[in-house]
């Protein structure tokens, strides 16, 4: 790039070279990211292709082989009459008035794009104060006037009210679609692009709308080329997954299943048909979070025809960072849960025949519902195994000689082969085999396995299951901006903890507790082959949910940064929340935000949350009767008496906490005295139990293993009863303090394996090589030499604010 710039600016004065080089470098970077400039460059190819085709049509047949002439004004005018480019940017006026240089700069760059493309239009919304002091909203279409040398308005249409009542993206589309012209409409996202050779096929594609082929299609879909696959291993996983969906899967959905919907851009619409039937997207808040697919629902309900063609494609970028991908999948999963309770899905279920209804189910909401069932089946299996082990039923089964046979081991081995994700990778393997050959597809599949794609897809399964289930139970799906930027910067532990704590970390720790309990009390575990085959998939699932965010985090196993992460986590955890505090500054604020969805749910949602939390008491109930101190007593009194352990623990914590609050700063000797008394009291109780009962020190550790889930279950129930408990400040204060201790324990459990892996020499280099290619890995290692300073809270908040602006 620099060499080309030297050639370009050779005859320009030195003082004039700098602005030109800066501008060209910015364009070079923009055309390699997921930016509006790249998308507009691709859409302009339609105009260029139409001009060239018009010029070729006017030429004699014998001179087309030596075509060198540029299109004339007549050909350009003809192309402009066939093609209109409208950019929907509802915030354009606000950005023009912004004092923030970054926001105002976006409007300036938009003006520059309008100036460079005379046929481009921009649609935005303005607000005005009327004479009655009431604010009115207008949808405006503007262009760059070559004669006036400025942006001028073409149309200004008054809207019935505030247009931003629903989801932002469909509302933006709806206010701009009124300015489109022509019979066909193509909506393009800002993460897409086009190619000139593909734009030359647009006339052939539009011929698909001709009625001579039978029933004309109302939605015309075609394939996409994912251009972000080479950025990182995560990008290649998403690229492979998306490529199989936009080619093989959509092709089959269109024919023979005849159930293809509109899954997003770049599908083409019969514009007049959709404008008279509700538009190309619905914008109701929350329920239309996945707005694109409702155009397909609407089309199918009105007997519209959807087809898919493979001879044309456009470029598309996908998320390339782990947190970006998680936010995107959380949004899609929540949107599918909202679809499940929408009237469109209900009507489709009532009107489709059995075969199309089955295809519709498994290709839309059924996929996410099946993901939820897979995770729930794993929980039911493990909880069932733990119950059988703790209840003594397994002892009787293991005593039978028929139990010890090789048939069970064979079945479990086959089950494991399915569980490692072969079936989830099958569409990618088939598509690559079809397009690139079986040898390449097999090699690519093996490379993906070495890049830990199974870890990624297993974590993704948990994301889909959690957000789909939570939204289905409580509602409240929201749009999560992913940013689409290049991800080469290390995410801090606080950010990872906030995003994955509820969806993965807690679930992973729960699985580990179940597996340890099963290992202790199950007689099958003594048969190592059967036990390993039976539980290895669940160990893999648990550790994947705990470690995947760090494995796919650039420089995620840097020892020094891990130490800083722990220090920042402790500071964030113990900082009290105030009126001006944010979730990024205080754990207490973040924790309260995590409980918001419970207070907006229905009474059935609250009851479901309580019923689900009861499972945490089962380990406590089962382990109590297995303690030596119980002396094989099966009375219910044993379980009731065991609650004194929890009550005493809470009282001890309250005493120590209040002592620290009252004497920790001024009368520190009093605080130390109270601590010593508490320690002596605990030692005295343990000694008393050892002397008077059959208590053993192993009982202490098993009690902790069994009682910790009980405490978490109490916290979950307390969160449901938050409005009632907040009336009693001291009671709610104890709940918050205990919750803080649990969150600290969760953070430490997650950080310990990360710290161990960070301490091993060479592991960081191996992780970087898995994430990125060799050249980029080398550059990242060099950059770490210059960025080894400690991440303070100020720098963390500044980086977080910059990421939010980008998103």
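Keep in mind that glycine also has a Cβ here, set from the backbone N, Cα and C atoms.
Any TrEMBL annotation is an automated prediction that lacks curation.
Annotation source TrEMBL lists domain 'Glycosyl transferase 48' at 22-652.
Feature annotation from TrEMBL assigns transmembrane segment to 360-382 (among others).
If you look up TrEMBL, you'll see 530-552 (among others) marked as transmembrane segment.
Annotation comment: TrEMBL describes 636-656 (among others) as transmembrane segment. Residues of the same chain lying 6 or more positions beyond the ends of the transmembrane segment (636-656) and with a Cβ under 8 Å from any Cβ of it are 620-621, 624-625, 630, 674-675, 678, 681-682, 685, 703, 707, 710-711, 734, 737-738, 741.
TrEMBL lists 668-693 (among others) with the feature transmembrane segment.
Taken from TrEMBL, the feature transmembrane segment covers 700-721 (among others).
Beyond the transmembrane segment (741-760), the same-chain residues lying 6 or more positions past its ends with a Cβ under 8 Å from any Cβ of the stretch are 493, 497, 501, 505-506, 509, 543, 546-547, 550, 556-559, 562-563, 565-566, 569-570, 573, 587, 591, 653, 708, 711-712, 715. Residues annotated as transmembrane segment in TrEMBL: 741-760 (among others).
Here the transmembrane segment (700-721) has Cβ contacts under 8 Å with residues 506, 510, 513, 516-517, 520, 595, 598, 606, 609-610, 612-617, 619-620, 622-624, 626-627, 642, 645-646, 649, 686, 735, 738-739, 742, 745 of the same chain, all six or more residues outside its ends.
Per-residue pLDDT, averaged across the domain 'Glycosyl transferase 48' (22-652), gives 84.
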